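To keep things clear, I will list the structure first and then write my remarks on it.
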Amino acid sequence: MPDTTKKQKLRFLPTGSALHRLSALLTLLLLIGVFAFTSPAFLSVNNGLTVLLQTSVIGLLAIGMTMVIITGGIDLSVGSVLALSGVIAGLLIKAGLPVAPAMVMGVVTGGVCGLMNGLIITKMRITPFVATLGMMMIARGIALQLTGAAPISRLGEAFGWLGNGALFRLVEMQDNGFPRVIFPGIPYPAILLVIMAILGAYLLQRRQIGRHIFSVGSNEEAARLSGVNVDRTNIWAYTASGALAGLAGMVLMSRLVTVQPNEGVMYELDAIAASVIGGASLMGGVGSISGSMIGAFIIGVLRNGLNMAGTSAFIQQIIIGIVVIGAVYIDQIRNRK
Amino acid sequence: MEFGTPLVEMKNISIAFGGVQAVDDVSVDLYPGEVVGLLGHNGAGKSTLIKILSGAYKADSGEICINGTSVTINSPRDARTNNIETIYQTLALADNLDAASNLFLGREITNSFGLVNDDAMEAETREIMARLNPNFKKFASPVSALSGGQRQSVAIARAVYFNAKILIMDEPTAALGVHETQMVAELIEELKRQGIGIFLISHDIQDVFKLCDRVSVMKNGQLVGTENVADVTEDDVLGMIILGKQPEKAA
C-alpha cells in the first residue's frame, strides 16, 4: 500500500481509490507535459486560463454527476437541463427580470428538473437510466418549444458578467488609447467551480448526507435496514445534480451572452466520463469529487491540447473515447487483484 | 418463568406478497432475558415475521406490543426507537464503508457543526470491538475486505452498541467457524444476563436447543406451536418442523 492511502481522510473508500486518483493526476501531468512539448503556446498563462474556463462547465456537471453515480445511479438529463435552465433565465430577463434573480431562477429550474428525476426514480420506481433519459428529452423539448428553437440574444452586458468576467483582471491604458491586458485575471467560472467542488467534497465527506450517499450506492438494502432514508438520499443527489446543471447552464449561456436552446447536447457523457476517469464506479459506492475534477481537467486538457496541435474534432472524440475505456480498464485490473 | 408483561407480543400477524400468504395469523411473544428460537423450513415465514418486527415489512394485519403498549413500526427507524435491533442473515453491511461507518450508519456521530466525526466513531468502534472480538484490527478497511466472522462481529457490534432491549438474530452463526460460533453463544448468554430479549432464527435444531429457552415452530406461514425447550426433545421439534404437528403432551 502506498503511503498516500494512509493519509486519506476518506478512510471508508477502498484504499485503491486514492491510488486511482494519483494515477489520474499523473496522467493529467503527463498530458500537460506532452502538450507543452508539442505546442509552445500551450503552457502559457492565457491558455491555462482558457482551459480553466472551458473545463468549468463540464466540471460543474461532473460534481453533481459524481454524487449521483456514487448512489449507484446515473443522470443523463444534465445536458438538456442545462439548456432549459438557460432558456428560463433568458426568457425571464426578456420579461424584464434583472439578471441576478433570473439566473437564480435558472438554477432553481435545474433543481426542479433534478427533483423530478429523484421523485420519478424513488416514488415511481423507474430505473435512473430510463427516468433521466425521459427527462433529457422532456427538458430539451421544453427548451426548444419555449424558444421555437431560436437563440435568445441581446440579453444585456450584465448577463455576460458571470461567464466572461475575471477576478484581479489588470488592464492598462496605453498611450495609443488601446487597453493592454497585463493579467487576464482568474475567470469567475473557474472560481465558481472551485467553490462548488469544495462544497461538494465537504458534503460528501463530512456530512451525514454524504455518508448516506455512499451507503446507498454500496448496498441500498443495508442502508435502508440501517435506518437511512434511501429515497430522500436519492432525491437529494438528483436535485443537487439538476441544480448544478442549472448553474453550469448559467455559466455557459453567460459566456456566449446568448441563450442557445441547442446547447449542452452530449454534455452528460463528458460529465460521466470525467467521473469515471476520476475513479467513480458506475456500480455505486465509490467516487470522489477531487477525482472527478481531475477527470474533467483530463478531458479539458485533451480537448485544448489537441485543438492547439490542430487535431480534428473527430479524432478528439476517438481519443477521449479511448481514454474513458482505458481509465475504466485500469480500474478493473486493480479491483480484480 | 413467564411472569409479568412480555417484552414483545406479536399478535395475529398476517402478511401476503401478491397471492402468497407469507405469514398467516401468527402470534409469538418474548420475555426479558429470554431467548426464543424461531424454527422452520426455508420459506416457512420466520424471516418475514421477524422483518415485520424490525420494520423492514409492514404487516397487513395484527398488532405489536412492546412492554404491553401497542406500537406502530413502519420503518427500521421506528424499530430502533423501540430499542429493537436486528442482525440480518445478509448482515446488511455497506461493503464500501469501513467498520465504524457501518456501525453508525444512519446514526452517525456528528459534532456541533453537523460534521461527521470519524475519529469519535472509530474510537467507539474500537472500544466495542475490543469486547466482542479482540482480534479485530481492520478498522480502516472497507468491510468488503473482512472475513465472514469479522463482518459478523461488525453486524453484532452494531446491534449491541445502541443498547438494544430486543435483539433479533437471523441465522447468526450460519457463516461462522467453530470458534466464532462459540463467541456468539457466549455473547447471547451475556446479553440474556443483561435482561435483553432475543429472537433467534435458525434452522439448526442443536443450536436452538443449546441457546434458547423456548422455541416457536413455523410451517407454511403458520405457527405450529411454541414449546419450552426443556419440555420437548429434538425429535418432537423435528416433527413440528417437518409434519407441522404439535408434540403429544406426556401427561
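Cβ atoms here come from the backbone N, Cα and C positions, even for glycine.
In TrEMBL, annotation is done automatically, which means it is predicted and not curated.
The transmembrane segment annotation in TrEMBL covers A:21-43 (among others). Panel annotation: around the transmembrane segment (A:21-43), residues 2, 4, 277-279, 288, 290-291, 294-295, 297-298, 301-302, 304-305, 308-309, 327, 330 of the same chain, lying at least six beyond its termini, place a Cβ under 8 Å from a Cβ of the stretch.
Long-range contacts of the transmembrane segment (A:49-69) within its own chain (CB-CB distance under 8 A, at least 6 residues past either end) are made by residues 75, 78-79, 82, 114, 128, 166, 184-187, 189-190, 192-193, 196-197, 200, 204, 213, 217, 237-238, 240-245, 247-248, 251-252, 255, 267-268, 270-272, 274-276, 278, 280-282, 284, 287-289, 291-293, 295-297, 299-301, 303-304. Positions annotated as transmembrane segment by TrEMBL: A:49-69 (among others).
Sequence annotations record features per position, and here TrEMBL assigns transmembrane segment to A:99-122 (among others).
Per TrEMBL, the feature transmembrane segment maps to A:129-152 (among others).
What TrEMBL records for A:186-204 (among others) is transmembrane segment.
Note on the transmembrane segment (A:277-301): residues 10, 13-14, 17, 20-21, 24-25, 27-28, 31-32, 35, 51, 54-55, 58-59, 62-63, 65-66, 69-74, 193, 197, 200-201, 204, 214-219, 270-271, 320, 323-324, 327, 331 of its chain, located 6 or more positions outside it, place their CB under 8 angstroms from a CB of the stretch. The transmembrane segment annotation in TrEMBL covers A:277-301 (among others).
Sequence annotations record features per position, and here TrEMBL assigns transmembrane segment to A:313-330 (among others).
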